[in-house]
Structure formats: C-alpha cells, structure tokens
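J.: The site 'Transition state stabilizer' annotation in Swiss-Prot covers 20, 27 and is backed by sequence analysis. As annotated by Swiss-Prot, site 'Positions MEP for the nucleophilic attack' applies to 157, 213, with the evidence given as sequence analysis.
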C-alpha cells in the first residue's frame, strides 16, 4: 500500500504557444480578471497544503514569465521546456528533487476545483500507479470517414472518458515511462498515455467537466464565467 500524506511537487508544462487561440500572446499569458491563465492554474495547485513546490517549464525565449509575481514565488522553480510536452514534463521531473509523487497540470487549465484535487491526491494512499482527473463522455460521439467530413459511424460512448489534468503519478515511474516511450517513438498525448504504453493502468478519478482547457478563443469567456462563479461561491 502506498505511503500517505507525502509532500507533492507539481509540474506545469508552459512552453507551448497554442496557435488555435489565434492570438500573438501565448494562451497561458492571456488574462482572466487580474491574473493570467497560468497564474490561476498554478495558484489552484498551491492552494492544497500537500503541494509544496511547483516546477514551471517555459520556452527558453520566454520574456513574459519574469514579469509575473510567480517569478519571485518561493515555492516555484522555473526550467527550460522542450519542443514537445513530454520533453517539458521530463525537464520538470528532473527539477522535482526527491518528491515521491508528482502532479502534472496544464498551464491553460485554470478552473481546477479543490475537491477534485483532493480526491486525486488521495490516490497516494491506495495506489502504486496513480491516476488522472477525467470526465465521462456525455455527448454522442461520431467517427469520420478517413479524410472526409462525413460520418462513418457512431461510437459507443459507454466507458469513454475525457482526460483532464492534473495527472498524478509516482515521480520515478512517470520519468521511466516517459523516457522509454520517447526513446521508442511512441505517440504521447498526455502523461497517462506514457504509462499505458508501458503496460500500466492508471486510475480514473471523476472530476468536474468545467475544469476546461483554454484552447480556442471562445474558451476564454467560458473559463472567466466558471472562475467568477467559483470565487462567488467561495465568498458566500
């Protein structure tokens, strides 16, 4: 059985640009209220007492991060990220010190709820593999014909989940799985897929569907609505 109540290091890959946002500014530096999306995402992690450090992987040419209050935060370490998400996560893991467990969270996912985070972190008490926040698929899913915008067939949504973040794993296990998957040319779309590639089966922890990732222009207003609602609920 896993050890309980260990301090956790979080890794936030923030070296991407996000061209689908159609802005010159990387999406993690767009503002919601008086903070950037990145700040909202990081503060949600640090709000939990078990998260004692956050490692943020930024682009080597990033000049925006140094202007944020996060740059001088005592619990934050900054490292150079890589060309791909997995490279940035590996750079973050190397800076995570001797942390036994690590969270990986999207820089552009600012609406994380504390109850979801707490339930995910509880996996360290029962699991040796870890798991991810995820939401059951609710919509009818269609598969397109190859190379066409035409329906091939309807996909059975039973058992389908939307993968969210944070994702939570033993540090050494995640490091080894990411390294092997990259060395063998596997397609890695999130951290859990690296563990899957190596034969592990992380847990699915149901999280709120409003834990959205800001990817397209219309997501910004939706994230602002969710954050404003959460702040209002916490203050009433």
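Yeah, the Cβs are placed from backbone N, Cα and C, and that goes for glycine too.
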J.: Expressed to the nearest Å, what is the distance separating residue 27 (site 'Transition state stabilizer') and residue 157 (site 'Positions MEP for the nucleophilic attack') at their Cα atoms?
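T.: That comes out at 30 Å between the alpha carbons.
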J.: For residue 27 (site 'Transition state stabilizer'), what is the tally of other C-beta atoms lying within 10 angstroms of its C-beta?
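T.: Residue 27 (site 'Transition state stabilizer'): 26 neighbouring Cβ atoms within 10 Å.
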J.: Which one of the recorded sites (157, 213) has its C-beta surrounded by the most other C-beta atoms within 10 angstroms?
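T.: Result for the most crowded candidate: 213.
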J.: Rounded to a whole number, how many Å is the Cα of residue 157 (site 'Positions MEP for the nucleophilic attack') away from the Cα of residue 213 (site 'Positions MEP for the nucleophilic attack')?
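T.: Given the Cα positions, residue 157 (site 'Positions MEP for the nucleophilic attack') is 21 Å from residue 213 (site 'Positions MEP for the nucleophilic attack').
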J.: DSSP on residue 27 (site 'Transition state stabilizer'), three-state: which is it?
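T.: Its secondary structure by DSSP: helix.
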